[in-house]
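Working notes for the structure below.
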Protein chains: 2
Amino acid sequence: MKPVKVGLLGLGTVGCGTINVLTRNGDEIARRAGRGIQVVAASARDLKRPRNCDLSAVRLCTDPFEVVNDPDVEIVVELIGGTKPARELVLAAIGQGKHVVTANKALIALHGNEIFTAAQEKGVTVAFEAAVAGGIPIIKAIREGLSGNRILWLAGIINGTGNFILTEMRDKGREFADVLAEAQRLGYAEADPTFDVEGIDAAHKLTILASIAFGIPLQFDKVYTEGITRITREDVGYAAELGYRIKHLGVARRTEQGIELRVHPTLIPQRRLIANVDGVMNAVLVKGDAVGPTLYYGAGAGADPTASAVVADLVDVVRALTSDPENRVPHLAFQADALSDIPVLPMDEVQTAFYLRLRVQDKPGVLADITRILGDQHISLEAVLQRETDEDAAEASIILLTHKVREGNMSKAISAIQQLETVIAPVIRIRLESLK
Amino acid sequence: MKPVKVGLLGLGTVGCGTINVLTRNGDEIARRAGRGIQVVAASARDLKRPRNCDLSAVRLCTDPFEVVNDPDVEIVVELIGGTKPARELVLAAIGQGKHVVTANKALIALHGNEIFTAAQEKGVTVAFEAAVAGGIPIIKAIREGLSGNRILWLAGIINGTGNFILTEMRDKGREFADVLAEAQRLGYAEADPTFDVEGIDAAHKLTILASIAFGIPLQFDKVYTEGITRITREDVGYAAELGYRIKHLGVARRTEQGIELRVHPTLIPQRRLIANVDGVMNAVLVKGDAVGPTLYYGAGAGADPTASAVVADLVDVVRALTSDPENRVPHLAFQADALSDIPVLPMDEVQTAFYLRLRVQDKPGVLADITRILGDQHISLEAVLQRETDEDAAEASIILLTHKVREGNMSKAISAIQQLETVIAPVIRIRLESLK
């Protein structure tokens, strides 16, 4: 089957990220979607700017309407941002019966009602997973994964810049203005940081989340919005002393009187998982009446994470275009005839770090014997802890953390260690993963 | 449009939970799915057992094949568990061209390849979100939400019983056998806990996750499986001392040599979010090449959380049966003609707790004046902290945490407090959410 042809509006970081992901993972994506996905046309204001992606197979132009009108283009991906001319472009694409994928939160929050009405009339999809919380599939989780629930409330850290600033203020005792300046140097914050630090970006995203959670129209103008510019080092410190962390949250809650929609700095108990979401990361906590609390965590911005969501939307649209309508998503994610026969590794070949605990006679040379055996198996140590466990019996515990090693080598080492006369109990062995 | 008719196999806790969720949230579910979902028939071994759900509209029988063969039943929900007769029942339903929803991890891990082949031939869907991590939509997240990624690895706490035991061992310094006995009393662990504590249940779930992550057939027999029965209080303590927590993880990793599939106790750095997933909760950490690390957290078991996943699968199937095939999931989760006009609350009506910080003259009666004003607005206090900030100038900071209060009342109180001569700087006010 021929690849689906896509037109990109905008070749900034996310546009290039999308091209890179589609190229790099082209085979896997086609195995999942049942068809390849190919960017055939793209528009950008300045075609001469050097870019971090391969555009050799892409027709380039400066007028985004040219891409929308290109008869070759089946799906339009809008990555320009802002509402003008994004709204006109998306409506024009819909008018031509083309599906649209967009990462544009302002567009959806402000003009989504109009856009979805137009899309419904034309029978096309406007997909917008990338508009909220970057690579986290939060739209899909709420819209499809929690569809059995009455959603009671949700609370999200949905602006990475703000979370980076608050995290630095807490960890390093710095003041707001100081960290903001650094975030701007690092490229986490825009030259004009208003949208991020005043909560407008978060309010756009909250508008969208509330709508899909509660089944209400998009109502950006009703969101109460308060920024983080007045948070001081002092308040961060007192909050910590009381057992809380300050996070910039978007909160949507169903009450008997109506829906609460609000973005503001918030103290939350530090033992909550979401209180420990730090730096530029995003997380959304959703409470449903059946499922209880659920949390979704990941990168909320950046070229590749946002492209991850854009491509997932593309795959959804392609699956709908292509498959048997009653069986759109393959059972095992990949098309049944596209499963792979990569072997499963025997456990002896697996590499992990290890925690070892040994009970030994507390006499000279014991540790030397053990480390020699480990060395023979190419096992190096990260940490050693020795504790006298029974003074009368002259027994001690030795705890070792190793660097990564083949399981087979570790098993051999443990067998040899177990032979030592000074080792007086079975060696305890627990694997260790840094999960980085 | 007429409701879709569903037959349930099994009326245990999850079966009753499913009926309860479908009844309680029937309106919202129909607004999402575009049609109602009605359980018309169900089978159970013992029809006389008292049950926690309303079965008055359900035809009951003891033979599950009767439900499968019922011409009225369009979707079969298999909640019997185990592989026999679940396999035969699911294959029979597929044979009749019926869609199937199942929560049965053993069935999918052991017989999924055969079942999906049969389903594909018949053009029906076998949905199994509830088979892994209960209410967390992890199958959907990986299969659809991360479809643009090359998945590099995943690591999950996917057995709630095991995680409860390890959490109790750490928090209370208790031994394994002791906590297991309590878990059995609380109903978290089965009378025969082998499947949970030996890692077999986790290995079933890991088999499924690895398959959809990497596009490989289901291969339960190749999972290395090690339980938590030999973890001691001592090891939990030493791990903590070294900055780690011990979790029972299922790990699937892509390496150049092949796929690692393993379930075993694992030390993980305590600063990782997943190291802080405690009690019976589940979480899965998935790392994609584009999106980076993402985490999905929620209840991994229980009647309502599992029912949440079962109903989400039902909604998916109903959406596929019903909607325009190119536009299956409504843009805003609910059908466009089923949006609600619940009002958005004015901020003055919103209730939250508050953190207040006041700079005051350090003299007698100041705190009394402040608390009197708060009392007049029905605001009660959770905590008070007073700190001298400038001894020479006789200035102090007063930090107050309040209980929940209407925003409007708080604004009035703050205005009044601001009028006090002893309050010498603008009152700092940050909202507080317990997120429970």
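Placed from the backbone N, Cα and C atoms, the Cβ positions cover glycine too.
Taken straight from TrEMBL:
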- B:K205: active site, proton donor (ACT_SITE)
- B:L9, B:G10, B:L11, B:G12, B:T13, B:V14, B:G15, B:C16: NADP(+) binding site (BINDING)
- B:K105: NADPH binding site (BINDING)
- B:E190: L-homoserine binding site (BINDING)
- B:355-431: domain 'ACT' (DOMAIN)
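The DSSP secondary structure for B:L9 (NADP(+) binding site) is strand. Note: the NADP(+) site is recorded as B:L9, B:G10, B:L11, B:G12, B:T13, B:V14, B:G15, B:C16; in the same chain, B:L8, B:G17, B:T18, B:A44, B:L79 also have Cβ atoms within 8 Å of that site's Cβ centroid. If you take the CA of B:K205 (active site, proton donor) and look 10 A around it, the binding-site residues you hit from B:L11, B:G12, B:T13, B:G15, B:K105, B:E190 are B:K105. Across the range of the domain 'ACT' (B:355-431), the DSSP-based residue counts are 24 helix, 32 strand, 21 coil. Taking the binding-site residues B:G10, B:G12, B:G15 in turn, the residue surrounded by the fewest other Cβ atoms inside 10 Å of its Cβ turns out to be B:G12. If you draw a 10 Å sphere around the CB of B:E190 (L-homoserine binding site), it holds 14 other CB atoms from the protein chains shown. Across the structure, B:L9 (NADP(+) binding site) and B:E190 (L-homoserine binding site) are spaced 21 Å apart at their Cα atoms.
Here the binding-site residues are B:L9, B:L11, B:V14, B:C16, and the one ringed by the most other CB atoms within 10 angstroms is B:L9. Long-range neighbours of B:T13 (NADP(+) binding site) (same chain, six or more residues apart, CB within less than 8 Å of its CB): B:N52, B:G302, B:A303. You'll find the Cα of B:V14 (NADP(+) binding site) roughly 14 Å from the Cα of the residue listed as 'NADPH binding site'.
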